[in-house]
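Over in TrEMBL, the protein carries these features:
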ACT_SITE  Cys322  active site
ACT_SITE  His381  active site
ACT_SITE  Asp404  active site
BINDING   Asn444, Asp446, Glu493, Glu498  Ca(2+) binding site
DOMAIN    314-407  domain 'Transglutaminase-like'
REGION    1-37  region 'Disordered'
Amino acid sequence: MSETMSINEEKKRPPLNGRRALPSNNSNGEENEVSEMEPFGLLPRGFNPKDYLRVVEIHMFKEPHEINKQQHHTDKYYSPKLIVRRGQPFQIQIDFSRPYNPETDQVWLEYLIGRYPQQNKGTYIPILVGNVLKPGEWGAKITHKENNSIRLSIMSSSTCIVGKFRLYVAVWTPFGILRTHRNSATDTYILFNPWCQQDAVYLDDEKEREEYVLNDVGIVFHGNINDIKSRSWSYGQFEENILDACLFLMDKAELELSGRGNPIKICRVASAVINSRDDNGVIAGSWDNAYTYGVAPSAWTGSVDILLEYYSSKQPVRYGQCWVFAGVFNTFLRCLGIPARLVTNYSSAHDNNANLQLDFFLDHEGKVDTKITKDSVWNYHCWNEAWMTRPDLPVGFGGWQVVDGTPQETSDGMYRCGPASVQAIKHGHVCFQFDAPFVYAEVNSDIVYSRREKNGTQVIEKIDTTHVGQLIVTKEVGGDGMMEITEEYKFQEGSEEERLALETAVMYGIKKQSAQDTTYQPQTDVDMDFQVQKAVLGSDFKVTITFRNKSHNYYTATTYLSGNIVFYTGVTKNEFKKHSFSAKLEPFSSSSFDVVIKSSEYLSDLLDQASFHFFVTARINETGKILATQKATVLEIPTLRIKTQGEMVAGKEMSVTVEFTNPLKQTLENVTLRLEGPGVLRTMKKEFRQIPANSTLIWELKCIPKQPGLRKLIASLNCDALRHVYGELNVRIQKP
């Protein structure tokens, strides 16, 4: 393009800069002007462009029911423009002012993207009309000629830039080039193609492609390892303006257009722009239970509202926590055509100095010293996996890659994480980019309980090697159930392969303290464990502590139970229960002790995920040894009930009811309800001033579903006293 710059464009050029001839081309939104008549020299006096072959109209076959969107699996996008996937042919038709003659007429297509199109950067693509298409390379051939029209089959390169291209048709005349004028109706979006073998994101299983690319709702698993909870999330990657919002994110991240064919680069910049730290990205995180001037993370039911708000305001949307970052990231990836899934790691280590161990320091009584304990175990942490080849790594490390948009640690100076090969993490090859050591620590750290003696020596009381990363899950393909993928990340605990993977990781520079550095002599002849009774929010429950004395000695144990209200990140808000007692342990026997937790003790301080963390320590008086164990537990939170009435037909009004009964012994105030369902209704919100104790709220609303098929309605309720209240309903919308 640059060879053919028109005079008026010369004037508009930005000021020269000594480093590069052209400014960086990193915005899909910006355009250049293209001249409709490009003379080769002085035009003869009698020149009339109308004497030559003229383009009258271009047909894009861009309706959802037409051939292009059907063949390219893009018929669900709510967009009037043509959307195709790269490396696969699509059809257009050109109507001329007279019949086209291949002997004498010379016609070509030009696809342009960005403001400074250049052929060698893949941002200016001229395509001559030939008679054969090569797989995976740009080309066009005539498939049909009739009267004044030709039908073209166009092939895009399987590595081309992903984004929105402008199309021009050019005709050669002896005196200059005639072009069609700028027409946004012929704009063409080109996406990644998991159906194309030459594409870096190729996925060979049709059921998996339907799930990881085309499914617009998913499941977030939360809660904790002993009490797994799930909720639906609406990804909504096909909803109106979402594709443009996702392309805007890459403009915001200033990713050079020529790099936008590479899923590795796209994932890396997206993991930074999803969070607002250091680049004013999409979502502002907040973990402090105070969400004034924003929406509480637990209130969102999907990604669409967040992305559209960001696209229009260009300001971070408040607020998110890990599943919100992961939900929006998943929408971004699926929207562009990169297969993606949301993953939950239970008991996820947040290790501040990446030494593969979380240090919990106890004081002389055996209580956790919160002043010097900096590491934390998150009840769960959500991230994403994206599917792609990794030509930048040795063979065998392609496939699922961890990407994480939650801001935890900086990577190359920005809050971002990934892509890190899951296979590399499993085998301990943490030397391969990007951020593998951090993810390895999240799923493999040991918890070390240590205590300072009065003379200053540090005594390790317990090393727990199995607590972290006990369970890693994602939604199953084609259903709402849970699929365990722990073995994708790690070998069986205690197996030979696991030791080898650990030694490999240590060899590649992950720091691991050895037990020789400190004295460690555990108490082996007494076991202690505890169980927390399942409880509904607002009721009393009990914690049962069990000792097993395996020796012939008679012991007494001074036992301390600490109940804490915690954020799901494992960070304590406050201790609401302290209870000490002395336990007598008979030789060769087990004994159990119950501690009752009353609702009045915890309700006033409860945080939005109704999470507790219990910590039990016991000192065996006869030996001075300490036993320590910890567990997180989550209360049962009541759900919303969703019902529909009458027939459900696409294009016809239907009615939906949401019901909720307040289980608390207090009035709920300033309650917000949200309801959404991709293809059925845009997010609806309603505020209620009060819901008295034990009373039932009923919200009725009407909507007109757009898409037939199996759809999901998702609702959430939110107020200061009660969060994480969800409900969902599968509905089948009939064809009209």
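Keep in mind that glycine also has a Cβ here, set from the backbone N, Cα and C atoms.
Of all the active-site residues listed here (Cys322, His381, Asp404), His381 has the Cα closest to the Cα of Glu493 (Ca(2+) binding site). Comparing the recorded positions Asp404, Asp446, Glu493, Glu498 by how many other C-beta atoms lie within 10 angstroms of each C-beta, the top residue is Asp404. Checking the recorded positions (Cys322, Asn444, Asp446) against Asp404 (active site) with a 10 Å Cα-Cα cut-off leaves Cys322. Cα-Cα distance from Asn444 (Ca(2+) binding site) to His381 (active site): 14 Å (rounded to the nearest whole number). Taking H, G and I as helix, E and B as strand and the rest as coil, DSSP gives the domain 'Transglutaminase-like' (314-407) the counts 15 helix, 40 strand, 39 coil. On a Cα basis, His381 (active site) lies 17 Å away from Asp446 (Ca(2+) binding site). Taking only the Cα positions, the spacing between Glu498 (Ca(2+) binding site) and Cys322 (active site) is 28 angstrom. Between the C-alpha atoms of His381 (active site) and Cys322 (active site), the distance comes to 6 Å. Take the mean position of the Cβ atoms of Asn444, Asp446, Glu493, Glu498, the recorded Ca(2+) site; other residues of that chain with a Cβ within 8 Å of it are Thr465, Thr466, Val468, Gly469, Lys490, Gly494, Leu502.
In the predicted model, the domain 'Transglutaminase-like' (314-407) has a mean pLDDT of 90.
With a cut-off of 8 Å between CB atoms and residues at least 6 apart in sequence, the same chain places Trp378, Tyr380, His381, Cys382, Trp383, Thr406 near Cys322 (active site), listed in sequence order.
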